Structure formats: C-alpha cells, structure tokens
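Listed in TrEMBL:
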DOMAIN    4-216  domain 'UmuC'
BINDING   ASP8, ASP133  Mg(2+) binding site
SITE      PHE13  site 'Substrate discrimination'
ACT_SITE  GLU134  active site
Amino acid sequence: MRRIAHLDMDAFFASVELLRYPQLKGLPVVIGGGRRSVDDLLLRRFADRPVSQIPVDAFPLLRDYVGRGVITTATYPARQFGVGSAMGMMKAARLCPQAIVLPVDFDEVRRYSRSFKSVIREIAPVVEDRGVDEVYIDFTEVPGGQREGGRVLARLIQKSIFEATGLTCSIGVAPNKLIAKMASEFNKPNGISIVHEADVQAKIWPLPVRKINGIGPKSEEKLHKLHLHTIGDIAAQSREWLVDNFGQAYGAWMHDAAWGRDDRPVVTESEPVSMSRETTFDRDLHAVRDRAELGAIFTDLCTRVAEDLRRKGYVGRTIGIKLRYDDFRTATRDQTLDHYTADPGTIRRAAGQCLKRVDLDQRLRLLGVRVGKLAKADAVPATAPEAPAAPPLAAEHTPDLFHGTQAARDAG
Ligand code: DCP
Ligand code: MG
C-alpha cells in the first residue's frame, strides 16, 4: 500500500528569524519590506551584546513601517489578527500595528532549507524537492512508514528536524501526493494528519475546490459559476460533464482529483546534466606567448573534471570548452563522442579539438572544461575505445593543445 507524505515547514521565513531572535517567540512577527537595513540598524545599536539580548521593544513595528510592499509570511500569533502572506504592508499594519517587522534573509533561509531536507533524506531516501520549504516523501518502503498509517515515521521526522534545526513542520500522510498535500495543512502548525483512502469523502470533499493543487483562481471562478464550490461538488459530476466543460485532459484530471486518485510517483532529485571545472587566471594569458602555462592549466582542468565524474560515478559523451576573453566575450565549443568516457586523456583530446575551433589571438581570462550528456557509469556498457587509446597526461603533450599539432589532431 502506497503511503506518501507531504511536509511543509511552519511559517518558514519567520521561524528562521525567530531562531536568531528567540526573544520574539510567541509574538506577532511579519516578514516583509525592504532590505536587511532594518535590523542592520538594530545590530549596530546593540553591537555590545549577543543578538538574543536585544530588547524586544527595540524591534521595528508594523505601525511605524513606511513604504509599500507585501508581507511574505507571518508567525502564527500574527495570523490571529488576520495577517498573512501576500497582504499589503499597509493593510497588515491596520490589522496588527504591534507586529514586529523583519526583512527576509535568503541566505539563512536557504541554509535551513538544505539542512532540514538532509535530515529527512537520512531517514527516508525517496524525497521530492518542491521548493524552499516543502517536500514529498515516499513512506511506502521505509521501516515504520506504514505504522499507524505513517504517523510513527512522521513523528520521527518532525522530531529529528526540530532537534537539528529548532524548526517545526507539518506533515500529511496519504495514499498519494494530491491528498498528502492537502493533509499537511490540516493540523498546522507542528501537526500530523493521516488520511486513508476511505477518508476522502469525510475529509476531502467538504474542502473548497481551491484546495486541490492544480485548481487555480481561474478554474475556481469557472467552477463557482457552475455552482460547484467544494471538492465534493466536483466529485458529484460525471467525468463526461467535466470533460465537456473543462476539456478532455483537465476535465478528466479534475474528476480523478476530486475522487482522490493520483498515481504520480515521488520523483527524487534529478540527475546532473553536466559537470565542469573552470578557472579564472591571475593575469590574462595568451595562447601563444603563455602556451606552456595554459597547456598545464588545461590539462589540470580535464583531470579534475575526470576525477569529479569518477568520484560521483558518472560518464559523459559531450566534451566542451569555455573561454572568456580579456574583453569578457565568451566562447564555447563542444563535441559529442560516440562513446561515454570519464577518462582524463580522452576528455583532454576532445577538449583540445574544440580549442582549435575558437579564436586564440586574443588574451584569455578564463578557461573551462565541461562534460555533458551524462550517464551513470554502471548504467552504460563499458566501452573498449577509451582504455587503450588514452595517452598519458605527460607534460610534453600540453603545449600542443594550444597550437593544434598533428599529434593532437590524430589522437582524437
Ligand atoms: N513565500 C513567499 N511568497 C509567498 C508565499 C510564501 O515568498 N507569496 C515564502 C515565505 C514562506 C515560504 O515561502 O515562509 C513558505 O511558504 P508557505 O506557503 O509554506 O508559508 P509558510 O511556511 O510561511 O507558512 P505555513 O506555516 O502556512 O506553511
Ligand atoms: Mg510552509
């Protein structure tokens, strides 16, 4: 039996700020407005103490906020005043003038995003990234993933994320992604909600149509005109009627969605498309006058890409180069081989041939080597060509690369 979880962090951007300023816990706080200047000022004024000791009454309030812009998110205490995402700052200030306003710190948000996701992946490996604060997790094969409909594993994940980051999240566990996504909202914040197929009628049908991930404001408006307001209202229509009104694909999808049917898999992180190494020189180099130096750098780049590929277990078929000239123009060339490789000599030969197709009269400030069309090394047949053909990366070969000698041409 498939069990899929949807996990969504609680008041994410605001919660990240509360980690920095724990003295604000329990207070209405909104995230929005201008740059970090707001609390830069605060930090400078209280440079003599840790930020957690800055007095609460020193923080800027919504009532004093001047300027436009919208709220990105709000803590749950602020939401009690009706303040929330996408609301204008001025309107929010009327609803909750005493709320503290802080700007978003994207670097910090991304750091916590990576961190909570890696906690999840250690417990349950099949994770689909859905942006900065949400993921789908396939519980089906994970030990404990079926116990109490997934509640046991959900609790473990919540606890582990909290211990690692101090952040809370909400989790919905259901037979599929569609229902799990709705379920994660049921007990926010810091909640878990378990939905079984048999619960669709009781728990899903009463919800407004917009709660289906895939029904946007336009479809909602059209559904309302047709007097359909809840998901149950949609489920009560025949598939044919929905197809007549919303088109073949969308109408049929809507019917399935209303009945809680969804067999999309949880898609784990996509494979890398390419790997590359590049370097900007300390001083601009010329292909002829600095031939030896450039040749050595070029060889080193090829060797390092090859090492990256091997370390991560990939082979590639398209070898490319990138040059940036002293006037910042950029040139790229590539070549696709008829076999996969992770061999430094093969990569260097192919890259060397690409090099002959670019203008080398002008000084260079950057050189890069890229291997694309990647495949997992164990997923493609081992190819004979590369093993015997790879020449040693001896120093005497390197000057050739920037001059297009016969040797370099023949080698490829
Ligand atoms: N966000 C944004 N712009 C929006 C909505 C959200 O930049 N219009 C950001 C801020 C949120 C984060 O994305 O903190 C996650 O969005 P959510 O919709 O999950 O909202 P929260 O995590 O803030 O709150 P909730 O507890 O409802 O999930
Ligand atoms: Mg969230």
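Cβ atoms here come from the backbone N, Cα and C positions, even for glycine.
Contacts of the residue listed as 'active site' defined by a Cβ separation under 8 A and a same-chain sequence distance of 6+ are given as HIS6, LEU7, ASP8, MET9, SER184, in order along the sequence. Summarising the environment of ASP133 (Mg(2+) binding site), the number of other Cβ atoms within 10 Å of its Cβ, over all protein chains shown, is 22. Note on ASP8 (Mg(2+) binding site): other Cβ atoms within 10 Å of its Cβ, all shown chains, come to 19.
Taking a C-beta cut-off of under 8 angstroms and a sequence separation of 6 or more, PHE13 (site 'Substrate discrimination') has the following same-chain neighbours: ILE31, THR72, THR73, VAL104, VAL109.
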